[in-house]
Amino acid sequence: MSTYTRPVMLLLSGLLLLTLAIAVLNTLVPLWLAQEHMSTWQVGVVSSSYFTGNLVGTLLTGYVIKRIGFNRSYYLSSFIFAAGCAGLGLMIGFWSWLAWRFVAGVGCAMIWVVVESALMCSGTSRNRGRLLAAYMMVYYVGTFLGQLLVSKVSTELMSVLPWVTGLTLAGILPLLFTRVLNQQAENHDSTSITAMLKLRQARLGVNGCIISGIVLGSLYGLMPLYLNHKGVSNASIGFWMAVLVSAGILGQWPIGRLADKFGRLLVLRVQVFVVILGSIAMLSQAAMAPALFILGAAGFTLYPVAMAWACEKVEHHQLVAMNQALLLSYTVGSLLGPSFSAMLMQNFSDNLLFIMIASVSFIYLLMLLRNAGHTPKPVAHV
């Protein structure tokens with residue numbers, strides 16, 4: 001049986017369109033808020049509202065899939081995200097956008113969970129890793145193309161919202177021509193998410209996902225604002241964000257190979273150390289291109305390596321619950337990161353964005369170094 005079946009290819013095609021829309025809004029919303037003369041802490045709170053929606057969406061989607069299946073859950077989540085996009089044009093204001101970004105966050109998280117769960121159920125133990133790798137590549141390529149779009153098209157609010165909403169709805173079309181079946185549903189309800197979060201031997205992976213959420217949530221939510229405060233134009237901001245994301249794309253395959261060859265613990269240590277170096281380099285402002293590149297290459301690949309670490313520590317039938325727990329951990333980090341970073345930037349200096357990223361990374365590095373002699377054999381492979 002082929003790994004990349006027709007339903008899988010159509011699912012990933014729809015995801016690519018949705019990711020384009022998500023990436024464009026994630027870059028432009030902080031800039032639109034700044035243009036409305038909102039304070040830095042308000043920008044951070046709106047970003048956190050989006051990630052709060054992610055948290056709620058992640059918790060709800062399992063129930064939705066069980067009730068209406070993968071296809072209808074995908075349609076519903078796309079419609080919710082489209083509503084969150086269109087709603088931004090109804091009324092411009094802090095409280096209004098706080099609500100609409102929450103709605104968009106719910107829809108976005110539901111899309112992620114539906115697609116990830118569909119791929120898990122479509123695959124086997126032999127090809128599931130390739131399916132999830134394809135998913136991550138599509139996600140990052142879509143994000144990269146979205147950043148390029150920002151640098152090439154008008155960034156005015158009412159110019160962007162119509163085609164972004166249309167792109168979201170177009171992402172539904174591929175799934176109209178296929179049906180994704182849940183062939184292994186009976187194996188997915190045996191383990192609770194709470195049990196996975198409490199699993200001691202997987203704690204490094206869970207903590208890694210939280211740290212990854214803090215780092216990427218802060219970069220996604222506040223890097224455009226940081227560059228804007230430095231006098232960078234909107235078009236150039238899109239370019240620099242594309243540099244950041246492209247580094248994450250290019251880093252996926254080699255870092256994954258290195259983790260398989262030399263062990264995930266060693267690779268995690270090196271990744272976190274490189275994130276610290278990249279953050280320090282950003283403070284100097286002397287070489288932003290290489291600094292952003294190494295930040296992207298190390299930061300964007302931290303989540304999959306930490307996820308693989310945690311998944312090694314569980315039985316095969318627990319993999320889905322563990323993946324859900326890791327996504328929740330990442331979302332919590334994404335929620336905390338922008339809020340705390342925005343408060344520091346508002347009250348002290350924009351440079352504290354990178355000091356905060358370096359600090360939490362250093363704490364995680366200490367956790368990794370404490371486990372120097374603890375390298376248990378893997379139980380499950382995806």
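Count begins at 1; order follows the chain as displayed.
Placement of Cβ uses the backbone N, Cα and C atoms for every residue, glycine included.
Now, the feature entries from Swiss-Prot:
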- 1-13: topological domain 'Cytoplasmic' (TOPO_DOM)
- 35-44: topological domain 'Periplasmic' (TOPO_DOM)
- 66-78: topological domain 'Cytoplasmic' (TOPO_DOM)
- 123-130: topological domain 'Cytoplasmic' (TOPO_DOM)
- 152-156: topological domain 'Periplasmic' (TOPO_DOM)
- 178-203: topological domain 'Cytoplasmic' (TOPO_DOM)
- 225-234: topological domain 'Periplasmic' (TOPO_DOM)
- 256-269: topological domain 'Cytoplasmic' (TOPO_DOM)
- 312-324: topological domain 'Cytoplasmic' (TOPO_DOM)
- 369-382: topological domain 'Cytoplasmic' (TOPO_DOM)
- 14-34: transmembrane segment (TRANSMEM)
- 45-65: transmembrane segment (TRANSMEM)
- 79-99: transmembrane segment (TRANSMEM)
- 102-122: transmembrane segment (TRANSMEM)
- 131-151: transmembrane segment (TRANSMEM)
- 157-177: transmembrane segment (TRANSMEM)
- 204-224: transmembrane segment (TRANSMEM)
- 235-255: transmembrane segment (TRANSMEM)
- 270-290: transmembrane segment (TRANSMEM)
- 291-311: transmembrane segment (TRANSMEM)
- 325-345: transmembrane segment (TRANSMEM)
- 348-368: transmembrane segment (TRANSMEM)
Which bits of the chain, at least 6 residues beyond where the topological domain 'Periplasmic' (152-156) starts or stops, bring a Cβ under 8 A of a Cβ in it?
28, 31, 234-235, 238
Kindly say whether the transmembrane segment (102-122) and the transmembrane segment (348-368) touch, using the definition of 3 or more Cβ pairs under 8 Å where each pair is 6 or more positions apart.
no
For the transmembrane segment (79-99), give me same-chain residues lying six or more residues beyond its boundaries with a C-beta closer than 8 angstroms to one of its C-beta atoms, as numbers and ranges.
18, 21-22, 25, 29, 32-33, 36, 38, 42, 45-46, 49, 53, 105-108, 110-111, 157-158, 161, 164-165, 168-169, 172
Can we call the transmembrane segment (45-65) and the transmembrane segment (325-345) in contact, meaning three or more C-beta pairs below 8 angstroms at a sequence separation of 6+?
yes
Tell me the residue counts in helix, strand and coil for the topological domain 'Cytoplasmic' (66-78), as DSSP assigns them.
13 helix, 0 strand, 0 coil
Against the transmembrane segment (157-177), which of these stretches has the most C-beta pairs under 8 Å: 14-34, 131-151, 291-311?
14-34
Selected stretch (most C-beta pairs under 8 A with the transmembrane segment (14-34)) from 131-151, 204-224, 235-255, 291-311, 348-368:
131-151
For the transmembrane segment (291-311) and the transmembrane segment (235-255), check the count of CB pairs under 8 Å (sequence separation 6 or more) and say whether it reaches 3 or more.
yes
